[in-house]
Amino acid sequence: MSRRRADSHGSLGPDDEVVPYSDDETDDELEPSIDEQPEGLPSVSQLSDLNWQVKANDRSFCKQPQFQKKFFLCFKRCKYAGNAIRTYKYNVITFLPLNLYEQFKRAANLYFLALLILQIIPEITTLPWYTTLVPLVLVLGITAIKDLVDDLVSVTCLLLCNFEIYFTLFQECRWMQIQVGDVVRLKKNDFIPADILLLSSSNPNSLCYVETAELDGETNLKFKMGLKVTHERLQEESQLQSFDGNHCEEPNNRLDKFTGNMLWGRERFPLDLDNMLLRGCKVRNTDECHGLVIYAGSDTKIMRNGGKTRFKRTKIDYLMNYMVYTIFVLLILVCAGLAIGHTYWYQDVGSRAWYLYDGLNQTASYRGFLSFWGYIIVLNTMVPISLYVSVEVIRLGQSKFINWDLQMYYSEKDTPAKARTTTLNEQLGQIEYIFSDKTGTLTQNIMAFKKCSIAGRVYVDFSSNIFAEKKFQFYDHHLISCIQSKKDKDVLEFFKLLSLCHTVMVEQREDDLVYQAASPDEGALVTAARNFGFVFLSRTQDTITISEMGTETTYEMLALLDFNSDRKRMSIILRFPDGKIRLYCKGADTVIYERLSPNIKLLSIDHVLVFANETLRTLCLCYKDISRADFDAWSRKYKEASIAMRNREEALDEVYEQIEKDLLLIGATAIEDKLQDGVPETIAKLAKADIKIWVLTGDKKETAENIGFSCQLLTDDMQIYYGEDVKRRLRLRRLGKKPSPTSPQDSQPMNDHEKELRQQDFVDMACECGAVICCRVTPKQKANVVNLVKKYKKAITLSIGDGANDVNMIKTADIGVGISGQEGMQAVMSSDYAFAQFRYLQRLLLVHGRWSYIRMCKFLRYFFYKNFSFTLVHFWYSFFSGYSSQVAYEDWFITLYNVCYSSLPVLLVGLLDQDVNDKLSLMFPKLYLPGQQGTLFNYKNFFISLFHGIFTSLIIFFIPYGAFLQTMGQDGEAPSDYQSFAVVTASSLIITVNLQISLDTSYWTFVNCFAVLGSMAIYFGIMFDIHSAGIHVIFPSAFKFTGVASNALRQPYLWLTIILTVGISLLPVILSLSISIKWIVICQLQRNRRKFERQAEEPPKEKPTFQRGARSRRSAYAFSHSRGYADLISTGRSIRQKPRARRDAPESIKEAPQAENI
């Protein structure tokens, strides 16, 4: 059952879906027991459906049998969770088994464990057990240490938190000992340990200030309050002991909603979110408060809201896994072929040669079966065990480079770029679609009052205003004279509305008034009013006080009708000192125009169009006088809706509709939200990189379109298709694919298949466009658009935003980027990468993303190549060893090849390599195209690496093999023994693969040079040590190549063999590089010459500031996506003390910055 919202007539919005805070839990999951409601308000009898019961001061109540639930077979436990925190994975007992279990979920680790078991079987093993055990233990050990360090950080923090001291009503207890039903005493700066119902506080009227930065990232203070009845009757601890319980909804993840019912004696009191202190918040500016624990531990909203973390994987990850599976298949086929070869060989040769008799009377088929498993062990290095660990090391280093990039550091806010994940870096080099929010992402989200239209006249002038704040730049001589003369009633009513119709909270700090606004727009409007002499001073639950040109006036507030995304407006109903009742309303132009009186003249309509063409955010202001009888009748309906337990928001919206009609228009405001620095240039460069940018915004079409022109996403030579054009073209597409519709209902999809076809048509048509702007979309719709492109285009997507309304979109995209802006840190906390300005996106993608992709592709190609070159030597050797599973190298060389001899150079290439520097990467965005096309690493590259490895292994085996035939050394001895052959092939392999990575390296540093030479030096050093007589004496069974290295490598003939082998192995690569470089240089010179000649002939084009077409574009003001403080103001007291009489307004009145901590 999806929750329905009352229809907001005239909102002209899409049928937006009401979306839960977390995208992992839907409304169906939140309220499974609630059926569709009939029209009208829910009755009070429905309150009994709330089945989460809490009884204060009685811990035994929650342990009663009716509150037990099954959790495993017939075992039961209490449904009320304890308050202990446990987010760590391991403890002392579970660390080893649980970590090993998680690691062996990887197919490669499980495969090598199976190999180790096979090597224990004497009849099968062809290699010592340590050749597999040493690399496997290193891989598992490094991963386990990394997991343990990450978990220890969590354990330390949680231990400190669980043992923190708190005070319940009767005793001192620790955080982890708090239970549902406890009455807790909290003090200033305490973290709230559970979801608590606020009963009373030391502030007047039981007001409590909380900071929710840990919860939602917002840094401005929120206001909570106790009910009037608890404030009056629960101030003393003796009174708190007699307090009873309440009923409320089951635990859920909705941070923006709470429905409950307090039963005290025979009375029933409705509860909502404004009465709740949520876990994760912090008590501020409140000396002491008391509250009843409603939800604890895993039942709290912050824990429920955690949901399931989406594990994002890169396209290369999926491709790499498929390639590992391909290697598995090739390995099985090769081993099966060699096993068959051994079967036939034993029948024809082995069984007839007396000197090969081993005393085992086994059939040829059985020996072939054993040979199959023997070759599985011998050729196991075709599946690279260290691949995954090496990839993680490279990704970690690339993430650090992003964090350390000073060119992505925003000094004004001391905000560096932050890679919040280490698994997606190379995917930054493959982005095809970017989905961007508008406000706060492309724009600065710092609102400035620029123009206004009052009674058909526009007021605008930009000059210094010595009477206003330094930041306030609006000044109009005629407007000032109108206000000072008090002759123009419309002007006075205009600014009176701005000072009264809002949800801004005010706090007195010495001689200053500090405003806390729910959004920057709201703050800008109240600031404009106070700078023209209408100063908002204070408010209580029932009154609001302003200074009108030095005269202090208090109005009685009868109702506050708050903004939401469906209404797109807010209203306030006031009783003036003379008894007159008036409604003030402000909102988007479309919803206001449809609620105006039929006889009103829309004098400001043309001005709104002009404001919109200048990309300003507009808002219409209006009012209405209400008779006492009409208000009393409406007030009764309003009170019934405000205490409804089900669908309260929908019921209130219906009641609001009844009073917000026949309005009189006063004028309109225009607020400027400037573009961030570098946005047009960034979009232009990303477009040249063939990255398509879509803007998804909740603003009106006209506002978004004009911003599109400002940031050069839209240009004059583009043909723009609007909503109706899109629908018409989609209908034409459908008519071309199916018969004509036969019924009026055919415009709606008949089934899921029809719906999918329409979605695909929409995506196909949208992707043909150069730019797409989706207007008036909800957070859920933003995520749906991203998901459609991912689903039907199989494209790599990136979402970027700065607010809580962008979280769904950020989580849905392949990569989410958060901008730390004016709307809190929630987008950053949900993102994969974060920085302070949109312009840094071009460096993240075109530099870091491109480098990461190229490095990872080069690393993987080389990694597969060096393993094929190493392993397939065994394959060629099998043709000369009767397919007997004998190895071609020494056992310790096999063990250390991937660990010590060939790992460091390729790791450094994966970390440091550059084909061009960062400046050229930004200068030539077309260099980004190979990543989008996936040309640097795919199955074609994989098979090239395979065949390259086959060729190298052929050379490495057969040239030494030919050189050892009928060979005589300088001392008259023949160095053609197996051990000398193994040393020569191993030495040739090590030199070849290290020189090969040198040829593949584009950016040389001292570290690269040291790694290549050092790897070869390490090989020869270790080889001479393990071939020495001393170590053989200590471990005679493990080190059998005594003196082989010194004997073989003192022969010049064998050194010549090594040099010849290495030279022939690298010759094709050197020739290929020479030809390709020469061809690229010639082609590039010819292309650039023609390009420069054409540019010299073409005259430069002048670009207009913005498009001015025949079709006008109108903008609507976009409120904040979060609700204001209306419920707080109208349902409880919201000040510290009664307002004192003031003779004059304070000399210094300032607005608090949005991000200020109080």
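Counting starts with 1 at the first residue shown.
Glycine too: its Cβ is placed from the backbone N, Cα and C atoms.
Heads up, TrEMBL stuff is auto-annotated, nobody curated it.
Lifted from TrEMBL, the feature list:
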type     : residues                                                                                                       : note
REGION   : 1-41                                                                                                           : region 'Disordered'
COMPBIAS : 14-38                                                                                                          : compositional bias 'Acidic residues'
DOMAIN   : 69-133                                                                                                         : domain 'P-type ATPase N-terminal'
TRANSMEM : 110-132                                                                                                        : transmembrane segment
TRANSMEM : 152-170                                                                                                        : transmembrane segment
TRANSMEM : 322-346                                                                                                        : transmembrane segment
TRANSMEM : 366-391                                                                                                        : transmembrane segment
BINDING  : Asp437, Thr439, Asp802, Asp806                                                                                 : Mg(2+) binding site
BINDING  : Asp437, Lys438, Thr439, Glu522, Phe563, Lys586, Arg617, Thr697, Gly698, Asp699, Arg776, Lys782, Asn805, Asp806 : ATP binding site
ACT_SITE : Asp437                                                                                                         : active site, 4-aspartylphosphate intermediate
REGION   : 733-755                                                                                                        : region 'Disordered'
DOMAIN   : 828-1072                                                                                                       : domain 'P-type ATPase C-terminal'
TRANSMEM : 859-880                                                                                                        : transmembrane segment
TRANSMEM : 892-912                                                                                                        : transmembrane segment
TRANSMEM : 942-966                                                                                                        : transmembrane segment
TRANSMEM : 978-997                                                                                                        : transmembrane segment
TRANSMEM : 1009-1035                                                                                                      : transmembrane segment
TRANSMEM : 1055-1081                                                                                                      : transmembrane segment
REGION   : 1092-1158                                                                                                      : region 'Disordered'
COMPBIAS : 1093-1105                                                                                                      : compositional bias 'Basic and acidic residues'
Key: Local confidence of the prediction over the domain 'P-type ATPase C-terminal' (828-1072), expressed as mean pLDDT   = 88
Ask   = How many neighbouring Cβ atoms, not counting its own, are there within 10 Å of the Cβ of Asp802 (Mg(2+) binding site)?
value = 31
Ask   = Just going by other Cβ atoms within 10 Å, which of the binding-site residues Arg617, Arg776 has the emptiest spot?
value = Arg776
Query = What Cα-Cα separation, expressed in whole Å, is found between Gly698 (ATP binding site) and Thr439 (Mg(2+) binding site)?
reply = 9
Request  = List the Cα distance (Å, whole number) between Arg776 (ATP binding site) and Thr439 (Mg(2+) binding site).
outcome  = 12
Separation of alpha carbons, Thr439 (Mg(2+) binding site) and Phe563 (ATP binding site) (Å) = 18
Long-range environment of the transmembrane segment (110-132) - Cβ separation under 8 angstroms, sequence gap at least 6 = 104, 328, 370, 373-378, 380, 383, 385, 885-887, 891-892, 894-895, 1038
Task = Residue list, the transmembrane segment (322-346) vs rest of chain: Cβ under 8 Å, 6 or more residues beyond ends.
result = 107-108, 111, 364-365, 367-369, 371-372, 375-376, 379-380, 382-383, 387, 864, 875, 878, 882-885, 939, 942
Query = Around Gly698 (ATP binding site), how many other CB atoms lie within 10 A of its CB?
reply = 27
Inquiry  = For Thr439, Asn805, listed as binding-site residues, tell me which one has the smallest number of other Cβ atoms within 10 Å.
reply    = Asn805
Task = Quick one: give me the count of other CB atoms within 10 A of the CB of Phe563 (ATP binding site).
result = 24
Inquiry  = For the C-alpha pair, I'd like the distance in angstrom between Thr439 (Mg(2+) binding site) and Arg617 (ATP binding site), rounded off.
reply    = 11
Ask   = Under DSSP, the domain 'P-type ATPase N-terminal' (69-133) has how many residues in helix, strand and coil?
value = 27 helix, 8 strand, 30 coil
Request  = Measure the Cβ-based neighbour count of Asp806 (Mg(2+) binding site), defined as the other Cβ atoms within 10 Å of its Cβ.
outcome  = 32
